Amino acid sequence: MSTPTEPVTDAYPPSAEFAAQANGGAALYEAAAADREAFWAEQARRLSWDTPWEQVLDWSGAPVAKWFVGGKLNVAVNCVDRHVAAGFGDQVAIHWIGEPGDTRDITYADLLAEVSRAANYFTSLGLVAGDRVAIYLPMVPEAIVAMLACARLGLTHSVVFAGFSPTALRSRVDDARARLVITADGQWRRGKPAGLKSAVDEALAMPGDGELSVEQVLVVRRTGQDVPWTAGRDVWWHETVAEQSPEHTAMGMDAEHPLFILYTSGTTGKPKGIVHTTGGYLTQAAYTHHYVFDHKPGVDVYWCTADIGWVTGHSYIVYGPLANRATQIVYEGTPNYPDEHRHFEIIADRRVSIYYTAPTMVRTFMKWGAEIPAAHDLSSIRLLGSVGEPINPEAWRWYRTNIGGDRAPIVDTWWQTETGAIMMSPLPGLTAAKPGAAMGPLPGIAAQVVDEDGHDLADGDGEAVGYLVLDQPWPAMLRGIWGDPQRYQETYWDRYAEQGWYFAGDGARIDADGAYWVLGRVDDVMNVSGHRISTAEVESALVGHSGVAEAAVVGASDATTGQGIVAFVILTADAADADPATVVQELKAEVSKEISPIARPRDIHIVPELPKTRSGKIMRRLLRDVAEGRELGDTSTLVDPAVFDAIRAQA
Ligand code: 6R9
């Protein structure tokens, strides 16, 4: 394995001022190291329990964990009712901002009334704890209300991203056998209403897997467009939920009651329904939100830019922040509607103090230019977060300088749909963060970087590259894949079966100081002439060139070297007029210089756009198809499949 040579030598400790007011410091690591289970029991006490647990962790059924065995709690009560009961009913929970500019401020008291109405209506439909509900909604308040109403009743929700196709929706509805689908007439996209209910109709009409499980379709009116209606099956939210009593008495659920299923793509075509439960999940979501974001209830204005259709939206828009009584921004639309100033206007207007986004967003901001954030007062920002993929050091530094005023700590948070909550991150009041490093496991979390045989690479001296494993169960861990225990075992546990470790599927590097650098999925690690090179490393070197806005790199099969490196780059506006052949030569030289001549790309294609999933991840598999001249594989999870016509025209 080759070790990355990118020369990151800068590190950013928090200011003394930030450290002095921070929620967490060194004592947290000490407490977790002294007694891990006692530490997690302490964290679980952030929540209100109806029945206390008898045992913190039962790992006897490994790899299916039970946390807080025998305990009972209600997730919605923890996220809403208890804050109202404590006198914070008038605090705004959600500053909702619609794409066309309409707004709604929802207090915790409002949220309690809305969630209670929805819970009463779901009960009237005959839904009972354990039933599944599919939620296929844009970023409207009803999406959050629906999730919490499900949680309140013990209905297991399956949120399906509202940009997914009817086919994707149907396969998820069938797999979970959902009895209710909650959707909207349509959604706003760059000023235009796009149909959504029509996609549900199409999904439910197509041939599926067995008899259709759906009995009712509940429709939120958002765009006001005309929608086809199936009498007896379809009902309007405003004619049903809104008519219910705003009072509802909740009951505690077992700590291991399934809270939600969230589908994520695996190495095979069929998505995996990742199952999360109640007590451990909420404990870790609340714990991480409190310490990683240094969140102060009633003071901070928090904004996570994710969509509720992926796990970041579940844990860091809905469950973590609301359990911690956050005041947050929920924005419905795209960041460049009506123009590229939108996010910065929102930050300035609402005095956002904590901003959590994805590296792809940061690189997009870089592409638009620093003068855009510079036109706004971003002085309210005191902490920045990153999630979803490795953040290249250049983007990290740009983020800190141009959004964080060279003062706000950045937390680069590594986790997965499967882990349920953040696993690795700097602690913002303590860690001297290095640009591009998730730094290390949080207190209470255990991770190692190991080789094929499971030897711990941190034991050696100096740097090492290997596989990231989680060697102890953690509270928010997945409890399985819905309906497929064998696939659960095979995907995550067979690789290090002897040791009993969870295989994360990511490569990582440990540097000489013991800091962890997640390099990306191991299937994104290329092998060129026997040298392992991470796609992320090469991308980082490319993006380091002032003319490159964004880059994606794949390993394409090569008769001589095993794999050859093929890069797809988007140029910045400034570089757009340069001679392409010259730019390509410069970029090849840049990578040779930054990493090593072995990392020099074989081909570099200048393209107008990159193919991305709805959660902002570049679909390398499809770029590999292009690089190797194959027919394209499944493009159903792409935001815009037409991107390929443009790429092919250039490649
Ligand atoms: C939360 C989320 C998980 C995969 C994960 C890894 C990549 C996420 C990262 C990161 C480097 C970070 N990833 N955060 N890589 N640094 N801070 O993204 O969940 O959609 O399931 O993706 O994303 O490869 O394995 P999910």
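Just so it is clear, glycine is given a Cβ too, placed from its N, Cα and C backbone atoms.
Not measured: the values here are computed from a predicted model.
As annotated by TrEMBL, CoA binding site applies to Arg189, Arg190, Gly191, Lys192, Thr312, Asn336, Ser529. Sequence annotations record features per position, and here TrEMBL assigns Mg(2+) binding site to Val543, His545, Val548. The domain 'Acetyl-coenzyme A synthetase N-terminal' annotation in TrEMBL covers 27-79. Feature annotation from TrEMBL assigns domain 'AMP-dependent synthetase/ligase' to 83-482. Sequence annotations record features per position, and here TrEMBL assigns domain 'AMP-binding enzyme C-terminal' to 537-617. Taken from TrEMBL, the feature N6-acetyllysine covers Lys617.
Locations of recorded TrEMBL features on the structure.
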residue : record              : contacts (Cβ under 8 Å, 6+ apart)
Arg189  : CoA binding site    : Glu99, Gly333, Thr334
Arg190  : CoA binding site    : Glu99, Gly333, Thr334, Tyr337
Gly191  : CoA binding site    : Glu99, Pro100, Tyr337, Pro338
Lys192  : CoA binding site    : none
Thr312  : CoA binding site    : Cys304, Ala306, Tyr356, Val387, Gly388, Ser615
Asn336  : CoA binding site    : Arg342, Trp368
Val543  : Mg(2+) binding site : Arg363, Asn392, Glu394, Ala395, Ala549, Glu550, Ala551
His545  : Mg(2+) binding site : Glu586, Leu587, Glu590
Val548  : Mg(2+) binding site : Leu542, Val569, Ile570, Leu571, Thr572, Ala575, Leu587
Lys617  : N6-acetyllysine     : Thr360, Gly388, Glu389
Lys617 (N6-acetyllysine) in three-state DSSP notation: coil
For Val548 (Mg(2+) binding site): DSSP state (helix, strand, coil): strand
Annotated binding-site residues Lys192, Thr312, Asn336, His545, filtered by Cβ under 6 Å to ligand 1: Thr312
Three-state secondary structure, which DSSP defines for Arg189 (CoA binding site): strand
Per DSSP, three-state class assigned to Asn336 (CoA binding site): coil
